[in-house]
Amino acid sequence: MAGILAWFWNERFWLPHNVTWADLKNTEEATFPQAEDLYLAFPLAFCIFMVRLIFERFVAKPCAIALNIQANGPQIAPPNAILEKVFTAITKHPDEKRLEGLSKQLDWDVRSIQRWFRQRRNQEKPSTLTRFCESMWRFSFYLYVFTYGVRFLKKTPWLWNTRHCWYNYPYQPLTTDLHYYYILELSFYWSLMFSQFTDIKRKDFGIMFLHHLVSIFLITFSYVNNMARVGTLVLCLHDSADALLEAAKMANYAKFQKMCDLLFVMFAVVFITTRLGIFPLWVLNTTLFESWEIVGPYPSWWVFNLLLLLVQGLNCFWSYLIVKIACKAVSRGKVSKDDRSDIESSSDEEDSEPPGKNPHTATTTNGTSGTNGYLLTGSCSMDD
């Protein structure tokens, strides 16, 4: 075991040339990041998850009810053993031939069977109230952590001159504010990892899981080898658009369509500007070129930059989805569907949609268009 640990913590991998772990031990004069500090993230992640449950029940839910957001979920499909067996064992989306066979077997018309399968697919999906509460929690956290990050960074020299991320590296003392910022972000991402399996499932579950893994690894990696200064820039930059996204979703669930559209436009502008403009030209420039000039490359430097390039790849993917949504919104006159959502249609739409009608333009009995306008979800921080 000792040999494995010695191999894993090899100084030649983690640290620049001629630097040892002994050089980064805490002293009375200076405190440096220590790997054991990160253990604190696990109990804090649990605490954040518990705070979320309390917040959603006692803060977000009353707000949703005050906005007349429905608490009821989709209509439950009537019990039918034959259809249930087909649904669970064969297919959730029967083709025309199977529908005709079931119609003869049950003496139901095809439209009734189609409706049953739609209701059955949707009956376990959460209500709009649940979605609103989830978005309000994320909005509140993202707003807080982004505000904290801005207030912290505006007092630091590396915000105004990124070369300060590498001056005297790795002998850069760890301040209390920086330590708090890092542990808070890491704890939140661990809580997302746990809650992703109980939250609303979306089509991009795998991509978001990968994103959370990369985020956790980047935060952990940059803390251990004391790249925390540039790490704070990455974190704050990727947090900048997330609160706007969740605000747009809340406006959508509350049926404030004009506000939803405005917030989505603001989100899209901030997201694309920060992820495709500022991040590569400012952050990647300093991690790839300024650090090479001032510190020089070493093994963990390559890994860190490869992870940042992977994050940039995810940024490009999500930017593509945002542009895709924006183009659809222009053609329809409003934002009406999240390309990453798992939603097929609203519960009302399931009952009223005639065969062959375009689900994106169908009008529900609630007076909304399409699929209640579910937007792009998730934070993309070191994110998103």
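Cβ atoms are placed via backbone N, Cα and C, with glycine included.
For the residues Asn18, Asn285, the entry in Swiss-Prot flags N-linked glycosylation site at a single position: Asn18. Going by the topological domain names that Swiss-Prot assigns, Thr31 and Arg332 belong to different sides of the membrane. Proximity of the transmembrane segment (35-55) to the transmembrane segment (205-225) is established through 3 or more Cβ-Cβ distances under 8 Å for residue pairs spaced 6 or more apart. Secondary structure of the topological domain 'Lumenal' (1-34), assigned with DSSP and counted as helix (H, G, I), strand (E, B) and coil, comes to 15 helix, 0 strand, 19 coil. Within the same chain, residues 169-174, 179, 223-226, 228, 295-296, 298-300 sit at least 6 positions outside the topological domain 'Lumenal' (1-34) and bring their C-beta atoms closer than 8 Å to a C-beta of that stretch. Other C-beta atoms found within 10 angstroms of the C-beta of Asn18 (N-linked glycosylation site) number 7, with every protein chain shown included.
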